[in-house]
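Heads up, the thing below is written out as structure tokens.
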Amino acid sequence: MKMTDLLTEDCIVMELQGENRDAVMEELIDCLDRAGVLSDRETFKNDLYAREKHGSTGIGFGIAIPHGKSAGVKEPRVAFGRKPDGVDWDSMDGEPANLIFMIAVPEEQAGDEHLKILQALSRKLIDDSFRQALMEAKTGQEILDRIGEM
Amino acid sequence: MKLLAVTSCPNGIAHTYMAAEKLAKTAEEMGAEIKVETQGSIGAENELTAEEIQAAEGIILAVDKSIDRSRFEGKRVVECPIAEAIRQPEQLIQRFTEGNVPVYRSERQEESAETADPEKETGEGKKSRAQNPIYRSLMNGVSYMIPFVVVGGLLIALSLGLGGEPTAEGLVVPEDSFWAPILQVGESAFLFMVPILAGFIAVSIADRPGLAPGMIGGYIAAEGSFYGSEAGAGFIGGIIAGFLAGYIAKGIKSIPVPQVIQPIMPILVIPLAASILIAVSFIYILGSPIASLMEGLTAFLNGMQGSSKILLALVLGAMISFDMGGPVNKVAFLFGAAMIGEGQTFIMGALAAAICTPPLGMGLASLLAKHKYQKEEEEVGKAALAMGLVGITEGAIPFAAGDPLRVIPSIMIGSMTASAIAMTAGVTDNVPHGGPIVAVFQAIGNVPMFFAAIAAGTVVTALMVNLLKKPV
């Protein structure tokens, strides 16, 4: 399994429309739903919000990673959206989030390959130049290329 | 510096690993070694072994869910939310470099430690001392001061030993000699000694905003001209300045201020206000007592002339080592120097023996009982021996500043021993300087007894301090 198995071009939103966190959440959940990875949209959504409640997933540096390990998810998948103006995510550093990775992980999943990939992505996000490249990418394919380099 | 960390978050999908990555990168940038155990949904990875925990200087627990802490019993542990490790890893690591981290103890152990008398639990000596915030601050200051003492002490020792000439003003390096600039460099290093000590005591209390007020306070403490005194307050004054500056800065830091001012608090408001406060308190409150203390002690010594020689020797010996270069030491030394002019060279003879026993004694002590000294103290011990031979009492300051209550009485007893023996045996010295080097310059009368006095004082110092000190 590669990162590009988890993030596909149909789950990349070059410019998110939503102006607040909830709207952006909906957009990305829709992506995942359209990709057919959700068995129960509401359950997944509830699990996402439960995680946000525990502490915002806006980790700063303009990144938010809403994620849910949920019974409403059939297979692991990532949706990615960009918001050049940023959207308030109640981040640690008070800065708006520009890069939003929504991570869907099934409650029960054989093997942990997908977790290893998400781990690699998380570690990579700490890298300034990687974030910069994601911001500057012109096409979905370019983003996939950058992420595929991991 | 060897650190360990554990990261863990509720889902164990992303934050755990971001924090791990961030800690590892930051540690590398800061020159620290770190190993991070991740407890994510995959389970624990990169697990810490018992040996690694044993060898580590500190543990960072960046955890948003409870983990088993029992394996970190007795280690220095910082706990924080995982977000803090992602956002401010520098500050977490810095707390360890500053020694600003408490030792972790489970409640059960804490209770037993509280009921036990800290003085009696000799086996636990290290833990109870390491937990003491005052001791921790002192050691922080000392560890930064040590290189200055070593560089300064060795250069001064070298230039005096090879280029010095005995004169009525003491050992003097002629201005046109090759050794004169080297002596100056050594003296410059010594100049930083007390400010650095005070500065980093303050840093350990108030973090970086404490540095400027601490160093400035330390400088004022060491420089008597600020308050019309012939001598500054020495390293003891520096310790006082460091703690004062640290607590003042910490106090100002805790005052709530509007958000607009917050960014300039650590670089402008705190250092400026604390520096002014510390300067004012030293110049107007602490300074004049020091000046009058010196006058009083001088009058006292003058009054002692003609009374028992042994008593005078004991007093002089105690004064020389009490603050090593501070006001009390200066009074004794200047008294001895003045008496040379009046032909009473036996007073300087006693002083010359007393002057060198603190560094010689502490050097010997650190060689005899290595387990009672930090690694860096062992190194200072060797340098102290060299400084002792040339009569630089300051060589013992790192030891005294780090553990004053045990070290100062020991070096005082040692110097009193040396001084009393030299006085009784009629050792004379017609150059105002101390240590074996004056014998080399043939300024000493009754050389065998001079060395006997030094040897006795050195051994007494070493034995006494090692008896008092607990294993580190």
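Cβ coordinates are placed from backbone N, Cα and C, and glycine is handled just like the others.
Now, the feature entries from TrEMBL:
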type	residues	note
DOMAIN	B:1-98	domain 'PTS EIIB type-2'
REGION	B:103-129	region 'Disordered'
COMPBIAS	B:105-127	compositional bias 'Basic and acidic residues'
DOMAIN	B:134-472	domain 'PTS EIIC type-2'
TRANSMEM	B:142-162	transmembrane segment
TRANSMEM	B:182-203	transmembrane segment
TRANSMEM	B:233-252	transmembrane segment
TRANSMEM	B:264-286	transmembrane segment
TRANSMEM	B:306-325	transmembrane segment
TRANSMEM	B:346-368	transmembrane segment
TRANSMEM	B:380-400	transmembrane segment
TRANSMEM	B:447-468	transmembrane segment
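Long-range contacts of the transmembrane segment (B:306-325) within the same chain: residues 234-236, 297, 331-333, 335-336, 346-347, 350-351, 354-355, 357-358, 393-394, 396-397, 400, 408, 411-412, 414-420, 422-424, 457, each at least 6 residues beyond the stretch ends and with a Cβ under 8 Å from a Cβ of the stretch. Helix, strand and coil counts from DSSP across the domain 'PTS EIIB type-2' (B:1-98) read 39 helix, 29 strand, 30 coil.
Recorded stretches compared: B:182-203, B:233-252, B:380-400; the one with the most Cβ pairs under 8 Å to the transmembrane segment (B:142-162) is B:182-203. Mean predicted confidence for the domain 'PTS EIIB type-2' (B:1-98): the pLDDT average there is 86.
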